[in-house]
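Per TrEMBL, these features apply:
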type: TRANSMEM; residues: 43-68; note: transmembrane segment
type: DOMAIN; residues: 58-308; note: domain 'G-protein coupled receptors family 1 profile'
type: TRANSMEM; residues: 80-103; note: transmembrane segment
type: TRANSMEM; residues: 109-137; note: transmembrane segment
type: TRANSMEM; residues: 158-180; note: transmembrane segment
type: TRANSMEM; residues: 218-242; note: transmembrane segment
type: TRANSMEM; residues: 262-282; note: transmembrane segment
type: TRANSMEM; residues: 288-310; note: transmembrane segment
Amino acid sequence: YMVSVFFAFVRKKSFFSNATANSVIRPQYFQVTGFSTMPHAKYYFIFLCFVYAVTLLGNSFVTLIIYIDRRLHIPKYVAIFSLAVADLGESTALISNLFSIIVFQTQQIAYGACLANLFFVFFFNSVQSVMLTVLAYDRFVAICFPLRYHSILTNTSMGIIISAGWVFNFLFMLIGLIFITRLSFCKSTLIYSYFCDYGPIVTLACNDRLPTAIMTRLFIVFHLFLPMSVIGLSYACILLALFKITSWEERLKALKTCFSHLFLVSVFYGPLLVTFVAGLFTPFDLNIRIITTSLSYAIPAMLNPIVYSLNTVEIKDFYLGSRTHQNSNFLKVKQTSLT
């Protein structure tokens, strides 16, 4: 709602119109041209649609289970629920824009719609980063302080942490968006990406880009390097705690609870980190950059429910319990019919 009010305010203000020398020059449309040079783009789009369908089904199923089963209304699953919502939001924001480009053969996107697309993609992506960090903290407390786990991580404390993450990222992205609305676009409006990407939009500006450059660096620090550092520190403490356990069986049992999370962390941060570091030293081919970026956004959201959420003991118990209940009802009905 706040974003809608903000864009309504933007449309009414005269300093955002195509203007005089002292005003901000705002184009009516941007053109998202990322897929126009890619060979066999339609086949890749079909693949991304399949990924989105799996993402939609998996994360919707996870949120439904957590909402229905009151046994899952515990701190860990509050974070998993939040991660699933962020996965759905990010994937929907990406595929909706891509759908109009491929299916309706239109590369044009209105200025306000483009900024909204940018906002929601990066907002939900930053929330995903926070939730993976929160789940690392959950594992840290569970393994390093098992006897104090339920006193440290309560529904209230987890709710405060998650709410703070959502609010912080919302305000951070809103400030970044305000800085973008102060940019003038005097020449090209071609966005060389497959959505309204922050970096390609900023490079089109013809006035002072320092505030947006600062926000870009802060985004990288807050949503890439800081979460990776916190997650790395959490697992360093977990390893130290595991070395104090004398039994190898107990060590392995505790470590197994971390494997799925570590895999998701690698899939989420790995491509982003490689793309960022490689971009510092050598220019990326446009098609390669689009493919790596689209996969780094699409694949983690698909894998989160498959690899992590649906493999947790509690959700497996819910699924197996439902099947057992159905089988018992079927047997009762069959016995009744025989008698």
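Each Cβ is built from the backbone N, Cα and C atoms, and glycine gets one as well.
For the transmembrane segment (288-310), the neighbouring stretch richest in Cβ pairs under 8 Å, chosen from 43-68, 109-137, 218-242, is 43-68. Restricting the average to the domain 'G-protein coupled receptors family 1 profile' (58-308) gives a pLDDT of 89.
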